[in-house]
Amino acid sequence: MSQARIIDGKAFAARLREQVAAEVAVLKAEHGLTPGLAVVLVGEDPASQVYVRNKGEQTLAAGMHSETHRLPANASQAELLSLVDRLNDDPAIHGVLVQFPVPDHLSQAAIVAAISPDKDVDGLTVVNAGRLASGLPALTSCTPAGCMVLLRDVVGDLTGKRAVVIGRSNLMGKPMAQLLLAADCTVTIAHSRSRDLPAICREADILVAAVGRAEMVRGDWIKPGATVIDVGISRFPSRDPVAAAAGKTRLVGDVAFDEAKEVAGAITPVPGGVGPMTIAMLLANTVSAAKRLNGIAE
């Protein structure tokens, strides 16, 4: 059997960002509206700083208004919620995102609950989760929404496909399953405690791995010809001893890529697969939120 098609998330994301920029230009020209995204960063987690910087740069590149609000690691819950309230009320801001993780003394659940559902571009509030589950228009979590863009291009019509999602988080696993269900897939949600997980995975025409365990999904778990979407991301020392000694690292997904590509029909690499789609979908969600908040048809 020939090797799997490698799904180029960077190329898809670049096209999506171009589409978003074109939509933004139309909103500015026809409605005098500039979509605005505010990102809140608490503390100085290095990975979060990189993510936040990338979000800001890509927001500006799409012609949108970008704000980054930085709070110290010892900021109180009240300070953070006060900032979120101000952003909820700011008519120039259409998307509000708090970069997680936050320091341990802060309640992630309370933070999510404070974000206006109309500006919840991460799709985490119970209102958006409920709307998604009910088949109503919703702001959908960016990573699963990006996965669906990839799947629709690679697979085409998803009707009747057997889909297995490994992972049940509110940010990824649950909304991914809802989106697949809405596309008329037959969906199984599995997780690290599922019995005989390899056998469950072998039934899948579409396998989405989002469990957070490096290379847990082996090649012999995959149905020949299946489409594999690897959402996991773990960091390990470089295989090159010199590079490792210098602190260089490599990124690894939840799927044993070298094994899986010999069996799957198509597969996303890590890095360069799902990751680039996440920020592109964040921009798309912000444009959607701006349109809805201003009564503009999508």
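Glycine too: its Cβ is placed from the backbone N, Cα and C atoms.
If you look up Swiss-Prot, you'll see GLY167, ARG168, SER169, SER192, ILE233 marked as NADP(+) binding site.
Looking only at the binding-site residues GLY167, ARG168, SER169, SER192, ILE233, the densest Cβ neighbourhood within 10 Å occurs at GLY167. Among the record's NADP(+) binders, GLY167, ARG168, SER169, SER192, ILE233, no two C-alpha atoms are more than 16 Å apart, and one pair sits at exactly that spread.
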